[in-house]
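Here's the structure we're looking at; comments come further down.
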Amino acid sequence: MSSFSTQTPYPNLAVPFFTSIPNGLYPSKSIVISGVVLSDAKRFQINLRCGGDIAFHLNPRFDENAVVRNTQINNSWGPEERSLPGSMPFSRGQRFSVWILCEGHCFKVAVDGQHICEYSHRLMNLPDINTLEVAGDIQLTHVET
């Protein structure tokens, strides 16, 4: 597969933010999203989309002190995953960098260089997962697809 990568800074870019993922996902493909959590943030989300479906939904919720992961197929959400190896990895008012690595069986997610979870693929046609969406209570500063 192609190792095409874009590294584009987006200073003070308004969210929601959408961009295409060239060639879709494949094992070893990584995506990086960096920004600053707003000081009054309730939640934000990073979605990897496949048409109208959401293959991977990463949703830090400050009002619940949780990082929810899920998949939405045909407008129906699956079971939420919430377990983390440590405390909430995001803080209001602080910078963050999320690294999502696509593997053959799962997504591996790291925040600020620390692994926080694996999420098994529920939508299996990885090349069709070709859109990144970032929305919610953050200032987006950098995206690499």
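From the backbone N, Cα and C atoms, a Cβ is placed for every residue, glycine too.
According to Swiss-Prot, the protein carries these features:
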| type | residues | note |
| --- | --- | --- |
| BINDING | Trp77, Gly78, Pro79, Glu80, Glu81, Arg82, Ser83 | beta-D-galactoside binding site |
| DOMAIN | 17-145 | domain 'Galectin' |
| MOD_RES | Ser2 | N-acetylserine |
Same-chain residues at least 6 apart in sequence whose Cβ lies under 8 Å from Ser83 (beta-D-galactoside binding site): Cys117
Please give the average pLDDT for the domain 'Galectin' (17-145) in this predicted model. 97
